[in-house]
Each structure stands twice: as structure tokens, then as C-alpha cells.
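So that you can see what the record holds, here are the features copied from TrEMBL:
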ACT_SITE  CYS395  active site, nucleophile
BINDING   GLN271, TYR300, GLU324, ASP368  S-adenosyl-L-methionine binding site
DOMAIN    7-68  domain 'TRAM'
Amino acid sequence: MQNEPTSSLVGEEYEVEVGPVAHGGHCIARTDGNQVLFVRHTLPGEKIIARVTDGDTDSRFLRADAVRIIEPSKDRVEAPCPYAGPGMCGGCDWQHVKPGAQRRLKGEVIAEQLLRLAGLTPEEAGWDGTVMPAEGDKLPAGEVPAWRTRVQYAVDADGRAGLRKHRSHDVQPIDRCLIAAPGVSELGVEKREWPQIAAVEAISATGSNDRQVILTPKPGGRLPLVELDKPVSVLRVDEKDGGVHRVHGRAFVRERADDRTYRVGSGGFWQVHPQAANTLVRAVMQGLLPRKNDTALDLYCGVGLFAGAIGQRLGEKGAVLGIESGKRAVEDARHNLKDLDRVRIEHGKVDQVLPRTGITECDLIVLDPPRAGAGKQVVKHLSGLGARKIAYVACDPAALARDLAYFRDGGYRVRTLRAFDLFPMTHHVECVAILEPASKGS
């Protein structure tokens, strides 16, 4: 007997009742045939018409958009952004949700990931279940915090700047991005035409008046004369090697956090929300409580944010080692921390450099890994160093939960966890977990 041929379900519509929120900016529903739907532009408890955007009859799950709301949630609002909605800009996930409800949804995702992947309840993780807004972001429904200090614009075939549609290379041209920080919006990138350009990244530093655009030309494309509404440095991405080169102005921007200035070069990582760096430094320092003679590791250290924060709190016998894989970020970190002679920065991948250091013990560890997390082998190594406290800064709750389970296997427990809404209107959320040896206080 032959199997039924697979057929696409894209465009099919289903009337469904929406279940819980899931990690990734969508909610879960099921068709009458019990096929799972991941639905955007909806809320738990709503009755909707969902239109399939991806998947076929053999798919484990389907992706869909809510194209009609039959019974709305009390947490639904009209999206402030005219480009938010099915088939349009993919930059935001929760424009249609009250701000407080957005944070509750993020909290539900964190709780689900902790329980499913680490076997931890909020109480066991030392977390009160809340996601805190950044300073100045607690606004009434209908108002949008303008927080994004770095915006990656795509350029369509007509040279218009916009943002990518969800899970698509198609560009949604826009007049203005509501979540862009004022310093980005004031450049007027969306008002200009960008012939022969594939992408424009606009950056407005929080700690200075530095502004920067990084242009990615189309293959064989020439750079235009850049005339924007504010003074700006211009860099270009090399077509052959992907390197970023200065055209005019500075090759970096200056950011400020914890009473220090940080140089951040092109391609270097810095938190996008203007309050994020200070918020996270405070959370990490309050959790670690460094002592004058501590030895510390700052892993995935970027341009040295946490290494600098710890380093300036240590005495003459204290020391910090930072490890970072990005060559330019290492150069910036060494420049940023050159006044702290007890801080050293090593270049390379954490899983390769850490074993070569010969370090067998330390007092404190900070790790701020990329979205995939630190992974089992790195966590196993760290668990053997006998640190008094470990601060784990995470931008992905699933990766955090997996790594917390590895730390538990290595003899550490979560003492406290705090969550911060540093990406309003999107599904992203930042967490800071403080770990201690499980034997302490048991």
C-alpha cells in the first residue's frame, strides 16, 4: 500500500482555540486533526482563524498567523505599529499585547523552560516569577519604548530601507521603527534611497553622541554618498572577506556603563537596550558580592563589561581573566581595561582557552554565552573550579535551563534568578542566575 503523497497546507485556514505561549513569540493551538500549530499574532485563550504559513500534511507542526480574531483576550490592544501584523514586519512579536501582559508571557516561557529542561520550579530557582521592565520602560498600553540602539535595516530591490518579514528574506519598507532609539530614528535612514546597498546597520551609542552606519553593498555595488540628518561615521562590509572597514569617521562607538567608558568596534557586542548594561552589571555585582582579594573569570567577555566591573572592585591581590573569541572585541577589551593591571584578556574560544590556562580554582565566575549557551563540557570544567559564586547571564531561557541542569550535575544549585525585559515588544528576555555550591547551606 502506497503512502499518501505529501501536500502543502500553506494558505489553509483553521478555526482554533489558542493554548499556552511557547518559546519563540508564538502560541500553541491544535487543528481538528490534532496537528500542532505555532501561531503568531495571537494570545492564550483567544478563539481565532489561523492561516498556515509553513508546513504540509506530514509536518510535525505547522506555522500560522492569526488572520481573524473571533474572541479576543483582555490583554489584546491594537498594535501601535502600522507594520506589525500577519505578512508584515517580523521585528516584533508582541505589539498586539499590553506591556504588563508581555512580561507575564515571558515569565511563563521562562518557567516552562526551567521546569521542562532543568526540572526546576520558580521557587527552586530562587525566582519570584516576575520579569522586570528596564528603567523608564513602564509605559501605558499603546505607548512603545524606543529602546533599540542598533537597527539592522534590509534594503529592497527599489533601494528602500525596511525590516525583514518573519522567517523571510522579503523586505517590509517602513517610514519609522517605533522601537528604534531616538538617536537611530534621527538619522533618517528610512527616508533615504540606498541604491546598490543590501543592508544598513544604524547604531546610536548610549554613552556618547557617537552614531555609526555600517553599509553592506550588493555584489559589485558601489557605496553611495552618505548624507543623513545627523553627523555619522560610515563603515562598509567587505564583499570578499566579510570584514568591516572604515570609510570615514570613527571605527568604533563609545558606550558607558558602571562609571566606565567602553570602546565598541564594528562587529563588537554591546547590549542593545540603553539601560541593559547597567541593569545587568548591577544584578551580577549584587549576586556575586566581590571581595578585594578574589580571583575571577569573565567568560565570553566581549569588550570587557563584567571584567571591568569586577576589576575595579578588587584589591591588589585580586585578579580577573577574561576570555573572548572575537579578535576585535579582544582588542577593545584590552583598550577598555588598560588601567586595571589586575585584569587580563585572552583571545580564543572558551572551551579551548580555559583548559590551557592551567587554572584549577577561582572565587568567582561570570559567563555571558551566546544564544546557544555554554554547553555541557564548558559547564563541567567550570563546576570543577570550586567557585564560591557563579553568575550566568542568559539571553535565551532554553539554553539557560539546559546549562543549569549541567551545573546541577556538577554540584551547583541556583541561589537566585532575576529576569529583565530588555527587549520590549519582542519575545526575547534576559536572565541573571546566581549559582552556589549545592553543599553550601544544605
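For all residues, glycine too, the Cβ spot is worked out from N, Cα and C.
All TrEMBL annotations are machine predictions without curation.
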Spatial separation of CYS395 (active site, nucleophile) from TYR300 (S-adenosyl-L-methionine binding site) - C-alpha basis, Å: 13
Distance [Cα-Cα, Å, rounded] between the residue listed as 'active site, nucleophile' and GLN271 (S-adenosyl-L-methionine binding site): 10
Other C-beta atoms that fall within 10 angstroms of the C-beta of ASP368 (S-adenosyl-L-methionine binding site): 23
Neighbour tally for the residue listed as 'active site, nucleophile', based on other Cβ positions within 10 Å of its Cβ: 18
Whole-number mean of pLDDT values that fall within the domain 'TRAM' (7-68): 97
Binding-site residues: GLN271, TYR300, GLU324 - member with fewest neighbouring CB atoms within 10 Å: TYR300
DSSP-derived class (H/G/I helix, E/B strand, else coil) of TYR300 (S-adenosyl-L-methionine binding site): coil
Remaining residues near the recorded S-adenosyl-L-methionine site, that is with C-beta within 8 Å of the centroid of the site residues GLN271, TYR300, GLU324, ASP368: PHE269, CYS301, GLY302, LEU305, PHE306, PRO369, VAL393
